[in-house]
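Reading through the structure tokens given below for one structure.
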Amino acid sequence: MSPLVLPPQSYLGWKVSIITLHAIAVLTTVLRLVHRFRLRKTWWDDYILFIPLVFNLAYWVVFCWGFCQPTGLERDDDDMSSGDAIFDSYWLATLPGVLVWWGTRTVLTLCLARMFPPEHPARKWSFIPISMITVLSLAAVVVTIATCNVSSALLDQDEFEGCMQGAGGFYVRNIFLFAGSLATDILLIIFSSVLLWRLKLSVIEFRLATIVIFASVIILLYTIIFLIIMDTHAVSMGYHSILIKAGLYNIQTALSLFLSNLPVVATCLVRWVPWLLRIERARSPEDPLESMPCSCTSSYCSDSPAHLTLTEISDLSSCPSSRQGELLEPSFESSYSSWHASQEASSRFDVETEEKLHMPNPESGSETE
């Protein structure tokens, strides 16, 4: 079966994509560190994060420096000048990726460990995958140097001679590197799943463990795709093989760094988004019936009853209906009470006047006598 031949690649497209990915990864890392230092909640995962951050930046600079001229990319691996050999050096092309790989997996594991108290068994068990990641990272460097005949301290990977081959004719150093990467990702997925299954986690802890599983699955899938393109005969990279290799390495480092920050960034977004939505709702216009100004006077809208005429009562139609019910009932009661009191006072006045008119005058009686 013939291999899949990749089409000619766009230098500008690769460069823009890689610069964008590195910028996103670095920006999320800075936001995470600023957030943790501002809250004074830094731990080992935040300090170790500086290692993949520095080497990711170095990887970024080397890529931009080595591929600043697109004319130098239109060549095969066999037509590489001595000045370009440094960009295929193990120290610049592979070791930074190994350190980013080690640092990001360690950070993800420590994100799970910091959820539990120091004496909790889950925190103690979390240091087992951390130890395995560290050992595999160191072993990857040793295996690369020990299984190949190194001609110079530059460790130009195209000049490696007599490298030991394993199953399928693949180099042992590549098999070990990819097997270690797959093993650590699978171990992280299993460890996070066990925490979700066996422990009763809070909402935030459950969210963190789920995000770690998601990040590990994404890295695992990319590692498999990377292995298929780089170290199998199923894909032929064609004329721009150097650009594709450099691009895949850069995508791996930038993606790993971004996913290591995903638990903290996603948790912050879950808290910030409702807060921003509340601010927007506070700034948005209110319900029309509630926000519409009442055209009646303050005496009508107040709770105290007032004497109303028929003309004034008709003005209450501009107020809300519920408010009208509150206002009209005490107002009519007050009007009826006032009318009833005035009628009683008028009746008493008429009775007193009539009594005075029928009462005999004493002075007139004495004169008559």
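Note that Cβ sites are derived from N, Cα and C of the backbone, with glycine treated the same way.
In TrEMBL this protein carries:
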type	residues	note
TRANSMEM	12-35	transmembrane segment
DOMAIN	31-233	domain 'Rhodopsin'
TRANSMEM	47-68	transmembrane segment
TRANSMEM	90-113	transmembrane segment
TRANSMEM	125-155	transmembrane segment
TRANSMEM	175-196	transmembrane segment
TRANSMEM	208-229	transmembrane segment
TRANSMEM	249-273	transmembrane segment
REGION	345-369	region 'Disordered'
COMPBIAS	347-358	compositional bias 'Basic and acidic residues'
Contact yes or no, the transmembrane segment (175-196) and the transmembrane segment (47-68), 3+ Cβ pairs under 8 Å, gap 6+ = no
Within-chain partners of the transmembrane segment (90-113) [C-beta distance under 8 Å, separation at least 6 from its ends] | 43-45, 48-49, 51-52, 55-56, 58-59, 62, 122-123, 126-127, 129-130, 133-134, 136-137, 140-141, 144, 154-157, 177, 181, 184-185, 188, 191-192, 195, 208-209, 212, 215-216, 219, 246, 249, 252-253, 256-257, 259-260, 263-264
Which one, 12-35, 47-68, 208-229, has the most C-beta pairs under 8 Å toward the transmembrane segment (249-273)?
-> 12-35
Long-range neighbours of the transmembrane segment (12-35), counting only residues six or more past its ends (CB under 8 A) = 46, 49, 53, 56-57, 59-60, 63-64, 67, 70, 243, 247, 250-251, 253-255, 257-258, 261-262, 264-265, 268
Within the same chain, the residues 6 or more beyond the ends of the transmembrane segment (208-229) and with Cβ under 8 Å of it are 104, 108, 111-112, 115, 178, 181-182, 185-186, 188-189, 192-193, 195-196, 201, 235, 237, 244, 248, 251-252, 255-256, 259-260, 262-263, 266-267
